[in-house]
Structures are given as structure tokens and as C-alpha cells.
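Remarks on the structure that follows.
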Amino acid sequence: MAVKVQESLPSKYIRIFVVVSCYWFVSISLVFVNKYLLSSDHFKINAPLFVTCFQCVVTVALCSVLSFLAAVVPSLISFPSVKISVGILRAVLPLSLIFVAMITFNNLCLKYVGVPFYYIGRSLTTVFNVILTFTVLHQKVSFQSIMCCVFIIFGFALGVNEEGTAGSLSIEGVLYGVSASFFVSLYSIYMKKILPVVDGSIWALTFYNNINAIILFIPLMIVFGEMSSIFDFELLTDSYFWTLMTIGGTFGFAIGYVTGLQIKVTSPLTHNISGTAKACAQTVVAVMWFNEKKSTLWWLSNSMVLLGSAAYTRVRQLEMMVEHQKAKQRRDVESNIGEKPSIKD
């Protein structure tokens, strides 16, 4: 019988460091690549829906390839079997509508705001999570959670005000960011309802979601007049353009994998903390990369959003621990009540 070798502590630390580093690299790279594709002076293609749609095509292609390889060499690659099913596509469609709105508004926000401001522009996701938890799920929201949201909102408002003072505020970009935050929160709620349709497989849901998204994007591109922009684009046959498009799509696919991997090797709480720290690093890197000068109040707004988000993560962790303990106590009580006392003669 094979003896299981326990992983040493240094080896575990190295593995966690590598996974977290991969998450940071993929996540930050995705933002910068998409920003370059959507609003750089080099390309100047006014077709954000087309860029987003192509990334969905890349995701579907990668899911199909990995599913095939997993069937051929299951010992090396683990990936669920995916194939097109009209019934599943129809069942997933309501979630796909939210998904399309989410990724579209996210990329539109990135198109109109700078990378340094992007995190603030998208910072209301936590606030919408709390609002939808109360209004849609009808769950109680603690005072501590509300105060964290108030802190985030103040940080958001201060950041918007400072962008306006600096003359770099895009109202359109802010509205897209708020819309993206709303649909991200809405997606996380309804995803749990749709997951049973694909037997709880995140990758299968990704596959069907992106197929539906491609179908939905085609009429949207026609309605918003992007087809003419695409065909008039001078670099449509440029290999560099398509290479970046493919890289962006690959990073978009990879972020799902490294996110799950980071949660697996750490914990959901550590993942959220890592995401908050990554956002901070991303902001600093963006300010340095684009050689921008920001005011003290601008940095304060970022700090408020980051601290508010981190505090909310901690508050939710403590609340979940209390809920888990109460549920355990209820089960113990019910178990004791259910036991019949033995009667001795």
C-alpha cells in the first residue's frame, strides 16, 4: 500500500506563493490588455462589444480543447465533458443575459476610465451585494456590514470628486462602472440557482454562458453599429491585433481557473484579502505606468474603498462563523431530542 507523503511547510508556502502570484499576474494583465485593446491610440477600434464577443469565442474554444484533451489523457488533464445542448443553453439563458450585461459594462467602464481609477469605478460591487442580499434573498443585513458599505460609498464619492477636480472624470465611465458592479452582484446571486442545471460544474456553466453570449452579442453589434467599425478598421488583418485579442481572451479564461485555484490552496477569506491587495497593487502600478500624478485625497479615496472592502470581508467571515456555530448547536439539540432514553427493567 502506497504511503501518503505529507507536504512540508516550506513546500506548502512556496505553492501558495506561486498560485497567488499567478492570480495577481493574470488579473492585472487582463485589465491592462483590455485597456490597451479598448482605448489605445494604436488600434482606435470603436467596437467594445466585438472585443468582448471575441473573448467569449476564445473561452468557448479553450473549453472545447481542454474537454477533448481531458477525454484523451485523463491522467494529465481534468476537465468536465462539454458539448452543445440546446436544452441547457435555454435553461442558462436568463443568467447569460446578466453575464453579457456584466462583461459588457465592465469593458465599457475600462474603455472610458483610466486603469488607476478603474478599481474605484467598480468599487460598489460590495454595496450591491448587501442591497441584493436584503431585497432579493430577503436575508438580514448586520449594522457592521452597512457601515462598511457607507465607508465604501464615501470612498467612491471622494474618488469621483477628485477625478472631476483633476479634469479626468468620465461620467459615462462611472455610470458603466456602477452598472457593472450591479450586474456582478446580481450574477453571483443567480449563478447559484443555475448551477444545478450543469451539475454544479463552474466550467460547464462557463462554456454554455459564453456560447449564449456570442449569440447575444451578434445582434447587439448590429444594433449599435459596430459592424461598420469592424470592417472599416485598418488593422483588421494585423497579426499583432489578433495576438493581443487572443491573449486577452486567454487571460479572461485563465482568471476563472486561477481564482478557483487560489481559493483551493488558501481559503475564501484569503482570496478576498488577496483580491483587495491586488487591487491596491494594480492601482499603484497603473499610476506609475501611465505616469499620472494623484492628489492626497485621491489616494485617501482608494484607501477608504480598500479598507471598507477588507472590513466587510472580515465582518462576513465572523458572521458566517456564528451562523455555522448556531446551526451546529441546533443539529446537536435536535439529535439529543431524537434519541430515545433506554428503559431498564
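Placement of Cβ uses the backbone N, Cα and C atoms for every residue, glycine included.
Note that the structure is predicted; figures quoted are calculated from it, not measured.
Residues or ranges marked as domain 'Sugar phosphate transporter' by TrEMBL: 15-312. Under the heading region 'Disordered', TrEMBL lists 326-345. Taken from TrEMBL, the feature transmembrane segment covers 13-37, 49-72, 84-105, 117-137, 143-161, 173-190, 202-227, 239-259.
Residues 19, 22-23, 26-27, 29-30, 33-34, 36-37, 43, 51, 54-59, 62-63, 202-203, 206, 271 of the same chain sit 6 or more residues outside the transmembrane segment (239-259) yet have a Cβ under 8 Å from a Cβ within it.
Non-local neighbours of the transmembrane segment (13-37) in the same chain are 7, 43, 45, 51, 107, 110-111, 115, 118, 244-245, 247-248, 251-252, 254-255, 258-259, 261-262, 265-266, 274-275, 278, 281-282, 285-286, 289; each lies 6+ residues outside the stretch with a CB under 8 Å from one of its CB atoms.
Listed by sequence, the residues of this chain that lie at least six past the ends of the transmembrane segment (202-227) yet keep a Cβ under 8 A from its Cβ atoms are 46-47, 49-50, 52-53, 56-57, 59-60, 63-64, 67, 79-80, 82, 84-85, 88-89, 92-93, 95-97, 99-100, 103-104, 191, 194-195, 253, 256, 260. Within the model, the domain 'Sugar phosphate transporter' (15-312) carries an average pLDDT of 89.
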